[in-house]
């Protein structure tokens, strides 16, 4: 378990992990990925809270700074996946052509638009949550955590890997139902602290998980399976949906 967690931290963050401890990304590391979400969620919540003390609760800067720190802490891994997946979904042709577009180093108009939207919406939602007090700050951490749980769900036993995907072939179909149920239960429990009313947090994370699952299902149909980019895009989508829904609900 320690080796799997070290691998997940090495893959999903800039935290230095000795090569002798980490291993190639696989089933165990994917199971441990939500723990990385806890670390990054705490970081994002801390940055947003600290920045709100400096710039005030109504400024958009706290949330945008938190998103910037997350991009640095993850080496931009998932936001790059958003761009690649958007370009792949936006092109015409068979799955092989779409996958080739995703592997291309350049970013097209769909990718640029998707990245701008994710950063702007996610940052704005984080800022709105920071103005809602301690519950809102907790909601930021829960949103980041929800993204990683969604990635685990995307690797459930029935999901195949896309042809030629290195990461997809190592993690697709590796997660048993027991792991999925366990992480979903933890996420739902954690979400109770993310909003004033007990139903609001669970409603937000359920909406996010459903959105991420629908994206993954569509990508399986379009690409023939999942890739690392698809999982990264699902992480960002679920994080953003959780934050947006919570930002709307905390005002009720």
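Counting begins at 1 with the first residue displayed.
Yeah, the Cβs are placed from backbone N, Cα and C, and that goes for glycine too.
Fair warning: this is a prediction, and the values are worked out from it, not measured in the lab.
Panel annotation: around the transmembrane segment (5-25), residues 32-33, 35-36, 39-40, 72-75, 77, 148, 167, 170-171 of the same chain, lying at least six beyond its termini, place a Cβ under 8 Å from a Cβ of the stretch. Summarising the annotation, Swiss-Prot assigns transmembrane segment to 5-25 (among others) and lists sequence analysis as the type of evidence.
Residues 1, 4-5, 7-9, 11-13, 23, 62-63, 65-67, 69-70, 73-74, 126-127, 129-130, 137-138, 140-149, 151-152, 155, 171, 174-175, 179, 183, 186-187 of the same chain lie 6 or more positions beyond the ends of the transmembrane segment (29-49) yet place their CB under 8 Å from a CB of it. Residues or ranges marked as transmembrane segment in Swiss-Prot: 29-49 (among others).
The annotation transmembrane segment is assigned in Swiss-Prot to 53-73 (among others) on the grounds of sequence analysis.
Look at Swiss-Prot and you will find 109-129 (among others) tagged as transmembrane segment, backed by sequence analysis. For the transmembrane segment (109-129), the residues of the chain that approach it from at least six positions outside its boundaries are 44, 48, 52, 59-64, 66-67, 79, 82-87, 89-90, 136-137, 139-140, 143, 236-237, 239-240, 243-244, 246-247, 250, judged by C-beta separation under 8 angstroms.
For 135-155 (among others), the entry in Swiss-Prot reads transmembrane segment. Sequence-remote contacts of a segment are chain residues at least 6 beyond its ends whose Cβ falls under 8 Å from one of its Cβ atoms, and for the transmembrane segment (135-155) they are 12, 30-31, 33-34, 36-38, 40-42, 44-45, 48-49, 66, 70, 78, 125-126, 128-129, 171-175, 179-180, 183-184, 186-187, 190-191, 193-196, 201, 204-205, 208-209, 212-213, 216, 226, 230-232, 234-240, 242-243, 246-247, 250.
Residues annotated as transmembrane segment in Swiss-Prot: 176-196 (among others).
According to Swiss-Prot, the feature transmembrane segment maps to 199-216 (among others), an assignment based on sequence analysis. Same-chain residues lying 6+ beyond the ends of the transmembrane segment (199-216) with a Cβ under 8 Å from its Cβ atoms: 139, 142-143, 146-147, 149-151, 153-154, 159, 184, 187-188, 190-193, 226, 230-231, 233-235, 237-239, 241-242, 245-246, 249-250, 252.
The transmembrane segment annotation in Swiss-Prot covers 230-250 (among others) and rests on sequence analysis.
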Contacting positions for the transmembrane segment (230-250) when only residues 6+ beyond its ends and CB under 8 Å are counted: 77-82, 84-86, 118, 121-122, 124-126, 128-129, 132, 135-136, 139-140, 142-144, 146-151, 154-155, 162, 167-168, 171, 194-197, 200-201, 203-205, 207-209, 211-212, 215-216, 219, 223
